[in-house]
Amino acid sequence: MDIKSRNNYMPYLLVTVLIYASVLAILVITDVVKNRELLKKDAYFQSQAFHHEIELDYNLIRYYHIDNKDYPLYTEQAKIGAERSEAWKVTYEGMERKKKDAYMEKIIEAKRLGKFDEAQYFQEGMNGEFAQIENEITELLATRTKDYLSYKNKEYSDVENSLTSRSRSFHYYIEDQKNSSVYRNMDIEPKDADVKQALYAIELPQTYVKNEILQRINTYFQKNSLKGYFIIPKEARGFSQIHADYMYFNSIRERLFKEIAMLVVNSLLIGGLFLYMKKNYAFRFLLENMPTNRLRQIPLDVRLLITAALCCILVNQFNTISFFKLPIRLSILTSWTILSVILMVLALFLIDGIRLCQCRDQFAKQWESSLYRRISVILTNRRVKKSMLYKAGFVFSVTVLLGVAIPFTIYGMEEQITGLVICGIVYGLLYAITILPFMIRRIRMLHRIMVAAEQIAEGDLSDSSIVERGKGNLAQLALHLNNMKKGFKASMEKEKKSERMKSELVTNVSHDLKTPLTSIINYVDLLKQKDLPPESIAKYIEVLDRKSQRLKVLIDDLFEASKMASGAVDLQVETVNVSALLNQALAEFSDKIESSVLTFRVHVEHAHIVAPLDGRKTWRVFENLISNALKYAMPHTRVHLSLSEDQDKVLFTIKNVSSYEIDFHVDGLLERFKRGDSSRHTEGSGLGLAIAKSIVELQGGQLMIEVDGDLFKATVIFDRNTSAA
């Protein structure tokens, strides 16, 4: 007999039971899958928790028996270690040497100037102060030794106590085959019977072990000729973390088997209900009586948002809910009911969504009546455009409603009123995807206009134009400001360009030009002296020649950098073989490379890497970067050069370890007269990288500097599709 004719409420009852059973099945499956590793026999002894406990015991054994064997018999010097003692000594001697060097400089300077009384005064002061320093260093070493020994003794005592306390639940017997020593907390070597009766036992070393922690321990045993056992007894004397964790893992395993049995019974119930409802046309009855009209009164986009929110809630609850814990509480039944209701609502939305996808006319009608479309029409309506007051009033109203919705949503979360929470979340999402972007776009546009107006008023025309988006009044205002900015900028560009070289020359040349010039003047004065020996004259002339050449290089680099910065450079762009250009640059430096103590490693992807470049200027880039490496790379290290290409770009990198600590921002290396050697003892001008960067950028490329500690890396990228500036 048809179920509909008997009882119209029966299908609703059956589908409710079916959904409750389905939720229970999903909860069981989620819990079993999440804890599937615990279904294995002896799952605890394969877990990370157990292996961390083993590693802790191993570390204690190694520290106590091997690394610090016979520690109580060590002398104080042995406990400290020769290396640490030497390091302390070097540190304090360095302090003493610095002070001595300072005195010696004063003494030498005084003697050079003929002030022998002053030199004698400095010598006596140095002798007196150094006697005091030696006493202070002796006291410092004694205090440091005492503190370190106290720390070391306490550490050893703590390890010893820890090993003793853990011996109640962890036994070990280890033979050192190199010196026939035995490390143990067992009376005798364990027999096969002891191993079989233990809760867990492992003999090391083995040919292969799976666990990463055991692999490290096994490797140490193999390298150090150790052989022995780690044994966990069946019963511990007193509290044992290993035994407590073992019992906990077993309790979860038993619970999972019960859940699997429950899942089998539940699956049979679901299958039976499904077949019964299908046979008696219950599903047809439910589909025919589905509240489609009421569902479609909710806007389509709101239904999508509700579906997304419910899916998130469902997934989160299935992953976080602790359902299978005793005792059974009312909150568990409440959660089960909420999940069932959510699943039922999602099923209704899914069925209705499938029907809409099958009927495109209904889908289009639903979309036109969606909340998003309604708000879009309101915001773009011509009558609203006529007055910003309407827009402001609308935004104000919906924002006030948001302020009302927030406390109601919080109240619903506290009281677990799901409907109220969902309504609040949906309204918040709608506000976030419609009103909030609308407000943010206009506020951002207004902010840009205000900032641009302030910059123009202050005479700052360096920033980019305001982005003109939309067709409103703000977009028109942005367009007018951009045109004003371009007009001012064009009129000032020529004047700025002509003044640039002069200002940079005056600003930057003071120190680097003054130093060689001062040396030249001083040595000319020395040459004016009478009765100079010939060897002194030759020496002075050699210095004058070197300083003159240095001054010439500085001036040449200065004018080259100024020309690059002003753009007064004519580029002869042609298709250049960059591989050959790099090899030519290396060949030019071959003598310096061979005479240096650096090792150059060059990798060129292939011999025909080409790009539209100015060959002479690009050669100068390679020259400056290679010269930079020769000057500032740490001796006895490698310099790596690499040249490669892809479809649109040519990439050149050079890496070296710096001799000098780069303790300033990496962008400073690209500034003029900025040098890696802050003491300025090297022959660099501080212009090489700046010139290279200007050349690369004039050709449409990029030069980037990266520093990682003392590792210096310069990357040059030439774009094959970008024309030179």
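The backbone N, Cα and C atoms fix where each Cβ goes, and this holds for glycine too.
The transmembrane segment annotation in TrEMBL covers 12-30 (among others).
Summarising the annotation, TrEMBL assigns transmembrane segment to 260-277 (among others). Remote same-chain partners of the transmembrane segment (260-277), defined as residues 6 or more beyond its termini with a Cβ less than 8 Å from a stretch Cβ, comprise 11, 14-15, 17-18, 21-22, 24-25, 28-29, 32, 283.
Here TrEMBL flags 298-318 (among others) as transmembrane segment.
Look at TrEMBL and you will find 330-351 (among others) tagged as transmembrane segment.
What TrEMBL records for 389-411 (among others) is transmembrane segment.
Taken from TrEMBL, the feature transmembrane segment applies to 417-440 (among others). Within the same chain, residues 301-302, 305-306, 309-310, 338, 341-342, 371-372, 375, 379, 395, 398-399, 401-402, 405-406, 408-409, 411 sit at least 6 positions outside the transmembrane segment (417-440) and bring their C-beta atoms closer than 8 Å to a C-beta of that stretch.
Summarising the annotation, TrEMBL assigns domain 'HAMP' to 446-493.
If you take every residue in the domain 'Histidine kinase' (508-706) and average the pLDDT, you get 78. Taken from TrEMBL, the feature domain 'Histidine kinase' applies to 508-706.
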